[in-house]
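Per TrEMBL, the feature compositional bias 'Basic and acidic residues' maps to B:112-183, B:405-414. Sequence annotations record features per position, and here TrEMBL assigns domain 'CTLH' to B:253-290. Here TrEMBL flags B:455-524 as domain 'RING-Gid-type'. Positions annotated as region 'Disordered' by TrEMBL: B:98-183, B:397-422. The zinc finger annotation in TrEMBL covers B:455-524.
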Amino acid sequence: MEILIEELKTTHQKTLQETDTQLRFTLESLESAVEFVSAMSEDEEMMFQILNEWKDSLHEEKRDITIKKSQKDYHRVLSKVGKHLVSLPSNEIPFLTSKKLERELIDQLIAEHLYRIGDFELADQFVQDSGSKIPEGFRGLMVQMHQILNQLDQRDISSALNWVHQTLQLREKDSVKEKEVKKKLIQETSKNEKEIKMEKEIEIKKEEQKEKEIEIEIEIEKDEEQDEKEKGKGKENSQKNNTQQKQIIKRTHSFEFKLHKALYLNILLKNEIKEAIKYSQKWFKKFALTHMKEIKQLAGCLVYSNDFAKRRFPELFDGSVWLQLHSEFIEIYCLVAEIPSHSPLELLCQAGESAVSVLKKVSGLIPINTGDELPMEIPVANNFKFHSSFICPVSKERSTQKNPPVLLKCGHVISKSSMKTLLENGKTKFKCPYCPVITNSQIDCIEIKF
Amino acid sequence: MNLQKSLIQPCFEQLSRRLHKQYSLLNKTLTASFKILYSLPKNQNVGSDKIVEQMKKEIERLSKLQKDLNNYSKDDQLIIKKMQLRLQYHLSLLQVTQKNKTKNEEENENQEENKQEKDKDKEIKKENEIKEEKNMDKEKDKHIEIEKEKYMNIEENIDKEKKKENGNEKEKEKEKEQENEKDTKFFQDQIKLRKLELNRKLTEYMFRKGYNKTGTMLTERHQFLKQLVDQSLFLQGKKVSVSLSKHNLSIPLKWCLINRSKLKKIDSRFEFQLKKQQFIEIMRKGNRKEAINYARKNFPPWVGKCFSEIKSVMGLLAFPTPNEQSSIPNEEKEPFEILPERYQLLYGEHSWRKLNELFTREHVVLFGLSESPSIEVEFKAGICAVKTASCHSLHKKNQNNQQKITEHGTEKGKKMGKKKKNKKDSVLKGFDLFKEKKNINTNDNNDVVDRNTNCPTCHPIVNKIAKNYPRNLITHSLIICPLSGQIMTPDNPPMIFPNGNAYSLDEMKKMAEQNNGIVTDIKTNQKFKFTQLRKAFIV
């Protein structure tokens, strides 16, 4: 293809040259003829003789024909290019064509993506043009994030520190609140128990009002269920929140340390050792328990001279610390705000790059239903995998809630259904398909929840 | 190969159209002027002044032609350069995707192998990888060298041919060379290239949908985008679609005439649809005779392909037009409503909208681009690749069914006559009931939906789109630790708690070190000893 285009270029220039020169010559001869004619205007016979001669010479030279021929060369190469292009397969994948219902949603996603990049002018223009809606507060979140990022890029950590302190304060408040909520729930449930006991005694005494009491029972049961629900929900939510909060607190804590570390290294680069010591004394105390190793390393850098330190710890002094801060901040900010850390549009387009070619090949061979599962596997890099999935090595089925994976005595894992097939006629012991260890299906097995 | 057509064909079409124009211009002027010149000596009665006048006219004409052709060719050369740039861009993208493919395949292969084989193979593979990378780099270098040589050769040829000794021109050429080198260097940088590709797709999307302001803003912010996106193409198409929205058929019909041969190649029926609409418009006014004449003129060439459509349209003749009154007396309905639905549709807005959509599709296909914007296609392909069973949430129908089950369940429980309900037992025994009451999101196969905020398909908007697309087939187990988010490998296997939850070995080790050998299950807050955990071997 490149060769063809090269050819195209050269032929185009050649034709240009040819036509140019030919036209130039014709013009020259014309002009000279004009001169002659005007000179010989008195003598008509001579004039016409000259004109005839000139016309014959024109005929002989056939300049107009050469011009047209040269154009044809260019035309020929161009048509070659055209044929080659037509022979290329089309880009269509039938089941991926655009549908009306999706357009608005895709516009919303693109708007989110543009806000994430930080180009607010462009994003606002897009929202105006397309009329798409963004979730409330998203724009504000992104504006704040980019403000802090801009400051970080200029090596200023003040706003980042502010944000870190704010989030830590909030999280601590929340964890205190949650403890109070838990206590309340426990008190309520204990109250309910007492109520139930009272009403059951009434039941035993009054037998005539059985139906009404049964109704009351139902109500109580419903209340119980609601309480259980709330308790359960509260439990789960609080559990999730607990783990999340802990993670967030941990990460923001270490992020704060990294901020201080980066500034400290900056001061060291300027060779201001006294200032560096002061700074470390001020800020590193908090992190003594968790980040002792790193603090030791940084303190050691005080002893080395600048050049030696750069050779000894190149990764600390070449500016990569700030780049790492940049990317970490984005991750932590998004974790706190409970939004994905990378734009979903960008991730999916990256994954789609390699997927498109596979899908095109297969859709030509097998019709792909927009149903449950693809008929073949699209190889995808590990950074696009976010969910666990277990495939039983025996039956090659994906495990579900009804068919969970089961841990055997030897440590191998198979699905429950394949374990049932290995059990024969009410027996409880069976041999693992991978190693000759006998497992007792009722005692040794645990159902795993991945 | 995917992009090549959509990138280069528009340029090619532009060039061929310009060539046609130039050629016709050239032809006309040359034949005309040479005719006059050849006929000059024959006009013997005409005075010399007039002859001189005529010759001067021809001089003017030919010199004008020369200028016009020069101007045309300058723009043509720019287009050819654009083609070369696009091809270069496409080739460097290909290399990037090929590299990633080999990486993916290697990753997937690594999951299959056992430890012992792994260690040996790892070393060999590392060597191979290094070799491959070297080869790729070599190929790249070769490629760039070849191109550089070509540029050099062409530069030399141009020097020879032109025989121009202006120093300025040579300097310009050198600058161009340097720019070309810069281009190649830019295209080698993977990250920049990917960003550029994403932006290119975004700008294409903007222009296709008609968001022209954002499109132009994007092209201003990024290098190369103006040359990679065909803005003019979409603007041209807009004219026609605007006229269609105003119910004006003259411009689209002109467009069809100009592109007739190419539309034939695609086997398009757009022209027929236009004529059908024209017929409907004539019928709307009530001129049946005119309509029949129009049909007689215009429909016969399309009988082979679109006969059924012709039949249905001609059926309009049988029914009263919107303006006519019904011939049936005492009819309460308006004449339009007597028509069966499909004829009503023909008269309505629906057919105009269809026309518009058909045009936007065909217009774009003529130039070699795909029907739907490439960002949408890639985005959806990505959904198919990334989506898992845990991302998909419940449909509303199933939710209703579940509520019924819960009501039924409680009545049953009441009838059994359980006197004392121990709360703990009810929580643990009726685990399934409990779950149903809670209405946990489960999809059809009763998978538990586990929303990971970082997973793109779990994002609420993407989730809505993703419902209609299949998920990727998974052939190998992949377990991710809920604590660290890392994929568990044979070096870092899952440790199973007695209650069934699983976490990675590294995380459990850390927890045990910090808590004197006691590990807590985060999901249930239960505490166990590290020694109670059991290792799981995932094949």
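Cβ atoms here come from the backbone N, Cα and C positions, even for glycine.
Same-chain residues lying 6 or more positions outside the domain 'CTLH' (B:253-290) and placing a CB less than 8 Å from one of its CB atoms are 240, 247, 298-299, 302, 305-306, 309-310, 313, 316-317, 321-324, 346-347, 351-352, 354-355, 358-359, 362, 365-366. Per DSSP, the zinc finger (B:455-524) is made up of 20 helix, 14 strand, 36 coil. Here the domain 'CTLH' (B:253-290) has, by DSSP, the following mix of helix, strand and coil residues: 32 helix, 0 strand, 6 coil. Note on the zinc finger (B:455-524): its mean pLDDT in the predicted model is 86.
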